[in-house]
Amino acid sequence: MKLVVGLGNPGEEYARTRHNVGFVVADRLAQLAGASFSAKKFAAELAEARLGPERVWIMKPQTYMNHSGEAVGAALRFWKLGLDDLVVVHDDLELDPYRVQLKVGGGHGGHNGVKSVNAHVGSPEYARVRVGVGRPPPRMDPADYVLGKFAKGEDAELDLCVEQAVEATRLAVELGAARAMNQVNRRSRAAE
C-alpha cells in the first residue's frame, strides 16, 4: 500500500492558487483512478484507489499547509507505512512554471508544508513530485505569490502540467521513486 499526499489549503478561497497545485494533482489522480474523496480521517480527505497493482490512499490534508505533516505522520503510523511508501506532491518556487520534477530527500526549500511533513515523518527521505510555479516578481512577498491564483490564460499550460505531475506520481507509485526519476526528470528536461 502507498500514500500519495497532495499539499494545499482547504477552502474555496484557496482554489486555483499556486500553493494548492498539490490538491489539483490529487483530485485529477483520484478522478483518473475512478476514486472519490469519500473518507475523512487523520484531519484529511482520503480517496482509496488502485494504481497498477498498488493499493493507494490519496490524501488531501485539511490542516492548512503549515500543519500538513500532522495528517501525513498520523496516516503513516496508522497504516505502518515506511517512507518508501510515501509520495508528496507540492508547488515549488525554485522550478520554472509548469516544470515537473521527481526527487527523493533534500531540503524543504522554504516550503512550510514540506517542512511540516519532514518534521512529522522524521526525515526528508521520501518521494516528492515538485510542480514548478516560478519565482515571484521583484519586491513581491513569496507568500502572497503562492497564495495568488493562476491566471485564466494559464489554463492550458496548467492542465498539461497537472497531467505530467499525475504521470510522475503514478510512475513513482508503480515503479518506485528511483526508477521513476529517470523517466520523469528526463522528460522534464526534454520539454525545456
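Even glycines carry a Cβ here, placed using N, Cα and C.
Over in Swiss-Prot, the protein carries these features:
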ACT_SITE  HIS19  active site, proton acceptor
BINDING   TYR14, TYR64, ASN66, ASN112  tRNA binding site
SITE      ASN9  site 'Discriminates between blocked and unblocked aminoacyl-tRNA'
SITE      ASP91  site 'Stabilizes the basic form of H active site to accept a proton'
Residue pair ASN112 (tRNA binding site), ASN9 (site 'Discriminates between blocked and unblocked aminoacyl-tRNA') - Cα distance, angstrom, rounded: 12
ASN9 (site 'Discriminates between blocked and unblocked aminoacyl-tRNA'): tally of other CB atoms within 10 A of its CB: 23
Euclidean distance between Cα atoms of ASN9 (site 'Discriminates between blocked and unblocked aminoacyl-tRNA') and ASN66 (tRNA binding site), Å: 9
Largest CA-to-CA spread of tRNA binders TYR14, TYR64, ASN66, ASN112, angstrom: 16
Cβ-centroid neighbours of tRNA site TYR14, TYR64, ASN66, ASN112, 8 Å, sequence order: ASN9, HIS19, THR63, MET65, HIS67, SER68, GLY113
Candidates ASN9, TYR14, HIS19, TYR64, namely the recorded positions, that fall within 10 Å of ASP91 (site 'Stabilizes the basic form of H active site to accept a proton') by Cα distance: HIS19
Cα distance (Å, whole number) from the residue listed as 'active site, proton acceptor' to TYR64 (tRNA binding site): 11
Rounded to the nearest Å - Cα separation of ASN9 (site 'Discriminates between blocked and unblocked aminoacyl-tRNA') and HIS19 (active site, proton acceptor): 8
